[in-house]
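The repeat 'TPR' annotation in TrEMBL covers 226-259. If you look up TrEMBL, you'll see 540-596 marked as domain 'Signal recognition particle SRP72 subunit RNA-binding'. Marked as compositional bias 'Basic residues' by TrEMBL: 560-570, 662-678. Marked as compositional bias 'Low complexity' by TrEMBL: 624-641.
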Amino acid sequence: KMAAAAGAAAAAGLWSEVNRCGQNGDFARALKSVNKILQISKDDVTALQCKVVCLIQNGNFKEALGVINTHTKVLTSDIIAFEKAYCEYRLNRIECALKTIQSASQQTDKLKELYGQVLYRLERYDDCLAAYRDLIRNSQDEYEEERKTNLSAVVAAQSTWEKVVPEDLGLREATYELCYNSACALIGQGKLNEAMKKLQKAEELCRQSLSEDSDVTEEDIEAELAIIHGQMAYIMQLQGRTEDALQLYNQIIKLKPTDVGLLAVIANNIITINKDQNVFDSKKKVKLTNAEGVEHKLSKKQLQAIEFNKALLAMYTNQADQCRKLSASLQSQSPEHLLPVLIQAAQLCREKQHAKAVGLLQDFADQHPANAAEIKLTMAQLKIAQGSVTKACMILRSIEELQHKPGMVSALVTMYSHEEDIDSAIEVFTQAIQWYQQFQASQTRGANPKSPVHLSLIREAANFKLKHGRKKEAISDLEELWKQNPKDVHTLAQLISAYSLVDPEKAKVLSKHLPSSDAMSLKVDVDALENSHGATYVRKKAGKLTGDNQQKEQGQGEVKKKKKKKKGKLPKNYDPKVTPDPERWLPMRERSYYRGRKKGKKKDQVGRGTQGLTTAGSSELDASRTASSPPTSPRPGSGAAVSATSNVIPPRHQKPAGAPATKKKQQQKKKKGAKGGW
């Protein structure tokens, strides 16, 4: 009894310690006291609950969940449902958390709050919206503002990911979180300018609210504003202001925010701006998208977009195997999605395997008829790239839901015209016109009014047939147009022109329907028209022509005065006795007597080779070996000397035979640069 009393006293002291630590927020110390209590009484329900709470407060969710699962007999779902579901939620076991909440016998307010968060993470936005509306309606406490913020976040997600037009919740945008969520909803609707104004307001409110706290630094404010600035940059990117967006994205990255989801989105957006350029920067940014925990911060569509861009980057960087691996993985995750198969086809085209790419697209179109139209358009583009225009036309005509569209008709007619297949082009027009006739008949219960698109197609068909000489075929189209609008003078004129070659009598009959010249007269200022630039030019030209005709009629015998030709100028050194060079009109290099440049020939020959070595041309320049010239210096023992009056030119003053005379300017330059003899 004394031991039991001592234990009870010790437990009471420990409980008071736990209570005091809990009030002070010292959960680590409280946990130690709880563990001591459990040593005294290991199945104490309250102690186990306190231990779980202390572990959660310290961030040890896995350990807390382990305690709950170990003591399932004591900690039943009715007692510990919220704590268990919260641990599962924080450990990103969202499906398990949902099951725990739904299995709880009593739905407390705490469980309802957590239920809303779980539904948001599971992207079940309709159910989440209903849960938060119920919470706001049935609860009144200090957390009402947070619930409204969460409600606006759900509406923004619906607008962004499900393209649902958000309803006006009537929330007063008094906080920057509400303004931010409202801006995201506007971005989802494509109202970019309004969204930018909301973000600017959110930035202003954020600065005001945070600057009131003296402990908050400017760096903390910038970190909090990072997500707002990220959305601003995204709007700039959507508006085509890529340089501004890129600058803002890089500023956010330099701040090194702790939100890995924000960094991943910004890195992905930079990669989309870079595209196939600046791939080294894109490779660095990809690392940010692979950070730990990113998959729990982003929505499924965001993660999918990042994976698509990784596959495209692998293709642009010629990593074919990596590209195929990523696109195959994406296709297995979303078999009905277009992008994975398009990326695979693009990679095959880069490898010059066009036939294989077309086969891949054809298989996908057969398996997913709902997406066949877009796939067949891509197939047609590949065929055109290969030069198979006719095959591309066949593929386009197989898209039944687009056959009658004006854009498709125009494309097919242009392609057939390029291939000079006029009959097929006319057939395309005929099929489209028939489709509109049947559609109009079904809509108007047998009446035969023509829609603007229908009439436009008939007119284009008529013009095309007239252009290519098919006047007989154009007549029926023109008659149909004139029947719809008898006052259309242009159509009537075309019809008369067509009949004039086929049935002239019919053309005369129709010409009676043309308005008279008086009725067609327009209010035109004749004087202003005649004084215009074009009219004066035509009038002057016409005057010249009429003047020439009058001269021909009046004086056919008169001989026109011939203009005297001016004598050509002769060169200054022209000598009439010397026959001009017949090759003087050719460039110097192309003349038969051109021997190349002689300048610097001696200079090139002197000083080459080893000391004492003689060159091949030195014997020609040696005057002592020529018969006509004496030695440059007297030989030993001989009394002969060079006379001062001798006519023999020393070697220094000799010129090679046939060398052209140099100009005076060149001689002057040589004299200035001379520094002595040989």
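Cβ coordinates come from backbone N, Cα and C, glycine included.
Using a Cβ-Cβ cut-off under 8 Å and counting only residues 6 or more beyond its ends in the same chain, the repeat 'TPR' (226-259) has close neighbours at 176, 180, 183-184, 187, 192, 195-196, 199-200, 202-203, 206, 219, 265-267, 269-270, 272-273, 288, 297. Sorting each residue of the repeat 'TPR' (226-259) by its DSSP state yields 27 helix, 0 strand, 7 coil. Note on the repeat 'TPR' (226-259): its mean pLDDT in the predicted model is 93.
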